[in-house]
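Annotated domain 'FAD-dependent oxidoreductase 2 FAD-binding' per TrEMBL: A:14-47, in sequence order. Marked as domain 'Glucose-methanol-choline oxidoreductase N-terminal' by TrEMBL: A:207-307. Look at TrEMBL and you will find A:446-564 tagged as domain 'Glucose-methanol-choline oxidoreductase C-terminal'.
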Amino acid sequence: MDLFQIKKAPTVYDAIVVGSGAGGGMAAYMLTKAGAKVLLLEAGGYFDPADPKYMTQLKWPYESPRRGASTTRAGGDFDAAWGGWEIEGEPYSSKPGGDFFWFRSRMLGGRTNHWGRISMRFGPDDFRRKTLSGIGDDWPITYDDMKPFYDRVDKLIGVFGSVENIHNEPDGHFLPPPKPRLHELMLKKAATGIGIPVIPSRLSILTQPINKERGQCFYCRQCNRGCSAYADFSSSSVLCIPAVKTGNLTLQNNAMVREVLTDAKTGLATGVSYVDTISMQEMSVYAKTVILGASTCESARLLLNSKSARFPNGLANSSGVVGKYLNDSTGASRSGFVPALMDRKRYNEDGVGGMHVFTPWWLDNSKLDFPRGYHIEYGGGMGMPGYGFGGGIEALNGKIPGRDGKMKPAGGYGAGLKDDMRRFYGAYVSMSGRGEPIPLESNYCEIDPNTVDKYGIPTLRFHYKWSDNEIKQAKHMQDTFEQIIEAMGGMPTGNKPGKEQNYGLAAPGRIIHEVGTVRMGNDPGKSALNKFQQAHDVKNLFVVDAAPFVTQGDKNVTWTILAASMRTSEYLIDQVKKKNI
Amino acid sequence: MKRRDTLKAISVASFGMAVGPVEAAVPEPPEPKPAVKLLPGRQKFEAERDAKLLASEKFFTPAELQTVTVLSDIIIPADAKSGSASQAGVPAFIDFMMRDQPRSQTPMRGGLRWLDRKCVSRYGNPFAKCTKEQQIDMVEQIAYPGKQVPSDMTQGVAFFTMMRNFVLGGFYTSKMGIDDLGYVGNTPNKWDGVPEDVLKQYGLSYDEPKK
């Protein structure tokens, strides 16, 4: 076999979809359901959370020799994400002082296999921040354009929540939310008492069955391991595998796409070339339409690497905007110890995989020194111990009186330490802010002129710096966290991060909510895609991940990826029917 | 001569003593359990790496393992409710972690060496060969990170803190430790909220306050 002899597939598909996460999975699902012949290319291996050979759900920590430590995968041994911020043979770089950390999952379903299932719609204001605040940019579409698709995603995939009638937190078609856990009731009481709302969370987990293909949540709190009952949303179980069952989908795993192929005369996309990561065989495959859902940065990389005489700056990049406006959520966290929860009665409070309550953004930015909001996610309770359990006890047990009411020195050993562990178990809470950044042209990814990955594909180089807006937002988060912990009679643990640490603001990429590198807009001079996520320059090329998003709100973007990909897919079907593509 | 035998020879020789009668006071560490079955869902490189690590030579020398075992059981001793750290397999877990995350090897091996040197100078024997009283006397010098200690003890405090964290993490992720804590989840169930008696205990309720 000559690896450098590019094999050309004889079939011309109706569409090639690159990437099997939320965006690619939805496109493959919609198009195959409509009868189109689709080739789905996934860079990683096959994954089905119901197949015992992949299942880590309901395993115990001692079934991992490292007790779940994150030695080889960032989320730990039980986490479903294959990949992480570092992947052997797939490097990336950053310009000095502009570090970005790029998380990739190489598997069917991509990052949807381990995500937090937080499924919030953008609100009406989230699409028009420039109009409202004068800073940033508006989307080329509004909430009204997206609402019908959010509604359909709710019903197709399932999400629990509560009707709250909050203007910028639109309600959906909700399954019943799980009741709050004990610490969540305490958090709610304390936060509400100081004017911070706490409402049921909105997660794509089936608290009731919605169809025959998927089961109901059995409350193990392990959504990040993938659900064998298909009771949460993963693109693998909910979109890709059903798309395969239509008979219209050809799924090609281990296909690392190199570039989008175009016709030199027409400038239209004709297919893609990829390398088979197992055999290292080079392949070219062809279709009438190419749809990228490879992830925000990977789709930008693909376009930038698809250079030709006709498209010297890369494909869909006559505006030069591809790679720019990269933005990740802001993130900061704090934990607290709640003495009232010591010596708790034991019972199973695993619940669903994530928090049962959260705090939506509740303040008016015109009265604050930063321009965008954040929501707060809560953690705590009597969870299953994992690697590192009890670590750092010396920072706490010297501050808590013993059973005899006397203080004792921090750290220690023996019977007293063992008793501390029993008393303190389940008495912690944690909170994490996730906020909206201002997308900046100066935060970007580009092709590194000097580096290739193990397949010989030029890699990305990043440049990302937080502005004062995000840093001030993180400061506000830290102050709020402390107020909530104190309002519930708790003690904040660890040191409050100060100015020198950017108030604990996570480094760009660490929250894994990056969007914006192939932005959509009405002006082809300032955007790569039109309002249907169709390339201005190449009418049979679409992007369906989060790369097209102008902003990200303080809403985790998966639900918007799904709704937007559904909308783009229907637009494509309509355009094909009208013979425009 | 294998590397670990060399180390053993050096350690015995450098302390200038043969194996003495005190050794009998220290229980032999349990035989390491047979290799754990690999977790499902491993990527190819993970499966290969785990299989290799699980079959690889132990990190600790027999003497080091003995010291780790004694320290583990000082940190988590058996009591009426549950067994000790070594009974839960903690020393073998720490040994695996040394091979899995080699960055811990120098602080661990060096810390054990520090401890033995300190014990030889204070009590005339390395830690594992000291009497129980001497061992506790030594541990008391390094077990409390909040306390002022003489400047020749600070590294020992850091070492003991690391060891405490490893032992707690190992014990409470074992079946014995999980049972001790009383964690009763990780099983299919139907969550229907906090039990009534617990709600009552904390003065909480699921009823919305009247607006």
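Placed from the backbone N, Cα and C atoms, the Cβ positions cover glycine too.
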Averaged over the whole of the domain 'FAD-dependent oxidoreductase 2 FAD-binding' (A:14-47), what is the pLDDT?
98
Based on DSSP, tally up the residues of the domain 'FAD-dependent oxidoreductase 2 FAD-binding' (A:14-47) by helix, strand and coil.
12 helix, 10 strand, 12 coil
Would you mind splitting the domain 'Glucose-methanol-choline oxidoreductase C-terminal' (A:446-564) into helix, strand and coil residue counts from DSSP?
33 helix, 23 strand, 63 coil
